[in-house]
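Engineer: Among the features that TrEMBL reports, transmembrane segment is placed at A:72-99, A:111-131, A:143-172.
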Amino acid sequence: MRGPVLGLFAVFAPLSLVTVGGGQTVIAAIQRQVVDQHHWMTAPQFLNAFAISRMAPGPGSLLATLIGWQVAGFWGAVAATLGIFGPTAILIYGVAVVWKRHQGALWQRALEGGLRPVAAGMILASVYVLLQSLDGGWLAQAIAFASTAALMASRVNPLLLLVAGAGIFLGLHGNG
Amino acid sequence: MADAPVPATPAAPQPTALQLFLIFSRIGLTSFGGGLSGWLLREFVRDRAWVGEEEFLNGLSLSQALPGVNVTNMAIWIGHRLLGFRGAAAGVAGIVGPAAVLIVGISAGFAALSRFPATHWALDGAAAAAIGLSASMGITTALRVPRRWLPLAIMAGTFVAIGPLHQPLVYVVLGVGLGSIALEYARLRRG
């Protein structure tokens, strides 16, 4: 076992609990701790790990796993993964248990009904932000709209749409 | 007015923990470009009908508002609904485990691949298509917001604050969320 395994857990566990609405919000905080404070990675190394986490499938927070692996090998990856996913996993599990036990309670229906419009606004806002940050201009936006329409109107397999999107981009860039 | 104690999934056949693990693994491993929660809606509500849409959207609202990675929260929520603790464990292990192994296993390969511009084009295209998953889920959720002016205004306000106005997510969720819950509580008490 090499490197600061416990330190990795100690960095990611608190960050886990301030992650609201998706992992992207804590990237800057992760960089500050991993690069500036602990000097576990250089800035280019961090940027590279971030790029890989964006390219790879799965939750974006697997960035933590990758950092753990690069800093301290297997146990580093395990510690960082448990840190970033563990505390909130326990929290939501507790909520799920309480929810089932008190199904239909007034406070529960108030929470569900009250949070529904907030969640809808959050999801739509994240779509808006994603659309703004898309590389590829109008073509990327057209693909996004077409894929939305296809998913709403049919039972097409999403993977097929991802492959088609990748293929269209490759084809156009390859020929242009 | 009947969303109180009715269990939403009537007689849909129950999945096993292994089945859950495999489905979540597949989603974790194929979700290039994000939109993972959209995959879950597709897979569990639309295709298999293991989870009712209302049940799913209630879990989604909580997953959004509580800290944590949304898709991991949803995996635990869905897993627990279907199979209790074993289901929740299978869900989180499936969505995180295999994808974590993959990202480490091929990180060296990804670094090499990222030198080719074609890799970026392909991933940009996939990411564009993946927005459809988030967007269709957003639309589904928005369509299930009660057609009263208050919830609709709260939805629009949340969107504008986080989207075009770039307000910090945490404060918006805390401020608007608590206000919205209080209003809904008052409405339910009255009615």
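Here the Cβ of each residue, glycine as well, is placed from N, Cα and C on the backbone.
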Engineer: Same chain only, please: residues at least 6 beyond the ends of the transmembrane segment (A:72-99) with a C-beta under 8 Å from a C-beta of the stretch. Say none if there are none.
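Structural biologist: Beyond its ends, the transmembrane segment (A:72-99) has Cβ neighbours at 1-6, 8-13, 15-17, 19, 23, 61-62, 64-66, 108.
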Engineer: Take the transmembrane segment (A:143-172) and find every residue of the same chain, 6 or more past its ends, with a Cβ under 8 Å from one of its Cβ atoms.
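Structural biologist: Contacts of the transmembrane segment (A:143-172) (Cβ under 8 Å, skipping residues fewer than 6 from its ends): 130-131, 134, 136.
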